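Q: Sharing the record's features from Swiss-Prot:
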DISULFID  C38-C66  disulfide bond
DISULFID  C49-C70  disulfide bond
DISULFID  C53-C65  disulfide bond
DISULFID  C59-C74  disulfide bond
DOMAIN    31-78  domain 'WAP'
SIGNAL    1-22  signal peptide
Amino acid sequence: MKPWILLLLAGLLILSTQLTTAKTTKQLRLPKVKPGECPKVKIPPDYPCNQYCVWDFDCEGNKKCCPVGCAKECFPPGPL
């Protein structure tokens, strides 16, 4: 067998191992949603558009990350 073929096969083997490892280590797991629903919140027209959370688990305790206008904030959950 020619040396360049062996080199090519070895390179493909290494590359396939690296790709398989990259796929398994980079899987994202989204956090679970906390129980309850976001409360209905009335907001004033000049309410600031600040992002205080993205997921429920960004909030302390049992609070949920709820949309408030163009923002998201942590609130105690409402009833199911």
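Cβ atoms are placed via backbone N, Cα and C, with glycine included.
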Q: What average pLDDT is reported by the model for the domain 'WAP' (31-78)?
A: 90
Q: Between C74 (disulfide bond) and C53 (disulfide bond), how many Å separate their Cα atoms?
A: 7
Q: Could you give the Cα-Cα distance between C59 (disulfide bond) and C65 (disulfide bond), in whole Å?
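A: Rounded to a whole number, the Cα-Cα distance is 6 Å.
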Q: C38, C49, C70: which of these disulfide-bonded residues has the highest Cβ count within 10 Å of its own Cβ?
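A: Checking each of C38, C49, C70, the winner is C38.
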